[in-house]
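A short write-up of the structure that comes next.
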Amino acid sequence: MAVLEYTIADFINRESWWRNRGLLVLNIYLILPLLSSVLNGLDSSILNGLQILPGWQEYFHHPQGKTLGLINSAQGIGALSGIPFSPYVSDLLGRRASMFIGAIIVLAGVFTQALCTTVQVFIGARVLIGLGIAFSINAAPLLISELSYPTHRGKLTALYNSMWYLGSIISAWICLVAYDRTGASQWSWRVPVFIQATVPVLQMMLIWFIPESPRFLAAKGLESQAARVLAQYHANGPKQCDHLVAFEMAQIRHALNVEREIASSPSYLTCFATPGNRRRMFIVISIAIFSQWSGNGLVSGYINIVLDGIGITTTRTKAIINGCLQVFNLASALLGTTLVDKLGRRKLFLTSNIGMLIVFSMWTITTALFKETGTRTATVPLIFMFFFFYDFAYTPMIISYTLEILPYNIRAKGLAIMNFSAYLFNTFNAFVNPWALDAIGWKYYLVYCGWLGLELVFMMVFIIETKGRTLEETAALFDGVRPQNTTERKESATFSRTPQYAPRPPRLEKDNPDNYFELHDSSSARSSAFGSPSHIELQEYSRVQSDVFGSLSHLETQSEESAITAVNHHHDIVS
């Protein structure tokens with residue numbers, strides 16, 4: 001019988017996801033971790049809106065210079081304090097537990113901030129909020145990436161960071177509405193702060209209703225539970241199981257086994273222990289820096305100063321521009337999200353950096369003209385254009401690309417390093433940007449023009465394409481393994497005899513027993529938990545075994561091998 005190489009594409013659901021109950025419920029559940037990005041965007045943008053409000057400025061005596069820089073960087077300081085510990089919580093207690101802890105801390109910080117009476121307490125509350133967000137933003141994308149359906153993973157992880165702008169939109173327009181209703185009253189800034197409590201309250205109440213990450217469960221030796229989660233949501237219930245679950249479990253087991261052989265240390269040094277990991281972290285840290293140092297921080301943190309610099313001084317006009325910009329940012333990020341799997345990651349990054357370099361150079365020229373000659377030019381439209389190119393790639397992909405290139409054993413810590421780097425350089429921006437703008441004005445923009453040129457060179461040299469690969473296959477690219485793509489695998493299948501029919505993915509069987517994916521507790525099964533996948537007892541009908549795959553254990557072995565290594569042939573298929 002033919003010996004075929006099966007890939008994830010052979011087993012995926014072909015119907016619309018909303019018609020599949022398991023996928024529909026799963027995607028609804030994933031809205032909850034997506035809200036972590038909304039919370040981050042809401043809190044990170046709240047100060048941009050508050051600085052525009054006369055009520056906030058008067059209550060805190062018009063903070064400037066170092067005080068304003070400290071207020072803006074306080075959340076980042078809190079996040080930097082929590083990020084080094086967040087992956088340990090995610091890996092030891094689980095993704096859901098880490099999100100729950102983060103929600104509790106954020107809620108405490110929000111109420112402290114909303115009820116504060118001095119700028120010192122306000123800053124302390126900002127630090128506390130940042131500490132809680134550190135746990136939330138580490139666990140949430142991990143849960144989304146590891147729980148989502150294989151063909152949805154790229155879009156959902158890209159959507160995660162794009163949802164940052166939904167929080168930013170809420171922040172901007174709530175500040176405008178509060179200003180219209182209360183004027184210069186202190187409630188014009190307290191009400192938007194109170195609204196921040198909505199997301200952590202929802203997450204605290206609902207987080208235990210969604211399933212845990214299958215990869216986390218498998219890493220803890222709970223393969224039976226991991227398989228049940230995959231069966232319930234990827235194969236539409238434990239009594240309707242197809243071979244996708246066997247394929248995914250084989251990938252997870254083999255990847256965990258290889259990763260444990262390479263590095264058994266649970267420390268951050270694991271992230272730099274091998275050449276492949278060092279290459280990964282170089283890319284991850286660089287992208288994190290670029291996400292903060294591309295010029296976007298000027299508007300994201302100090303739109304009030306930037307608009308003053310081009311002659312826009314009225315409160316309502318500033319608030320409207322800020323609100324419209326956030327809506328535009330979300331639309332741009334969602335456009336990039338829809339194109340992640342169509343154009344690929346590398347093309348999006350290159351398009352983004354080329355566009356930012358051109359537009360920011362024009363933005364610099366128009367700002368210089370206004371400062372030197374007083375001539376009003378199209379600076380505001382250029383700000384919108386700049387953020388279109390920034391949001392097109394960096395917003396949807398900074399998280400998703402990081403998760404795609406990291407193997408499981410360093411995924412949580414690698415994401416923590418990325419978040420730490422981003423917050424570190426964002427905090428630096430918060431201190432330096434207002435000083436530099438006051439000291440040298442528009443000439444400070446020239447620094448960003450040169451830096452954007454360096455970013456473009458980096459993208460051309462170091463970014464590799466991850467489109468169309470599973471998490472395990474993508475991770476293998478950095479460790480000296482070149483897995484074949486789906487087309488190459490199918491073309492390179494070796495036949496021992498000509499089959500009488502074309503092979504097809506297995507059909508769903510609806511009358512399997514409830515313990516379809518239960519692992520035996522015998523020593524042989526336990527010893528093979530991270531070895532040969534044939535010890536998962538899949539009770540399939542003999543007709544399917546003999547007519548479609550020969551034997552199910554052979555299918556599992558194939559799925560493992562096709563996920564990690566290329567097939568050896570007697571002749572070259574790929575030039």
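Note: Cβ is positioned from N, Cα and C throughout, glycine not excepted.
From a predicted model like this one, the values you see are computed outputs, not experimental measurements.
Residues annotated as transmembrane segment in TrEMBL: 23-42, 97-115, 121-144, 156-179, 191-210, 282-307, 319-336, 348-370, 382-403, 415-432, 444-464. Per TrEMBL, domain 'Major facilitator superfamily (MFS) profile' is recorded for 29-467. What TrEMBL records for 482-515 is region 'Disordered'. As annotated by TrEMBL, compositional bias 'Basic and acidic residues' applies to 506-515.
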One stretch in 282-307, 348-370, 415-432 has more Cβ pairs under 8 Å to the transmembrane segment (319-336) than the rest, namely 282-307
Tell me, what is the mean pLDDT of the domain 'Major facilitator superfamily (MFS) profile' (29-467)? 86
With pairs fewer than 6 apart in sequence excluded, do the transmembrane segment (97-115) and the transmembrane segment (382-403) have three or more C-beta pairs that lie under 8 Å? no
Under a Cβ pair cut-off of under 8 Å, which of the recorded stretches 97-115, 121-144, 348-370, 415-432, 444-464 contacts the transmembrane segment (191-210) most often? 97-115
When counting C-beta pairs under 8 angstroms to the transmembrane segment (23-42), the leading stretch of 121-144, 282-307, 348-370 is 121-144
Among 97-115, 121-144, 282-307, 348-370, 415-432, the most Cβ pairs under 8 Å with the transmembrane segment (444-464) come from 348-370
Cβ contacts under 8 Å made by the transmembrane segment (282-307) with residues that lie 6+ beyond its boundaries: 44-45, 47-48, 51-52, 72, 313, 317-318, 321-322, 325, 356, 360, 363, 383, 386-387, 390, 394, 398, 401-402, 405-406, 414, 417-419, 421-422, 425-426, 429-430, 433-434, 437, 445, 448, 451-452, 455, 458, 462-463
Are there residues at least six beyond either end of the transmembrane segment (97-115) with Cβ under 8 Å to its Cβ atoms? List them, or say none. 33, 36, 39, 43, 78, 86, 89-90, 121-122, 124-140, 143, 190, 193-194, 196-197, 199-201, 203-204, 207-208
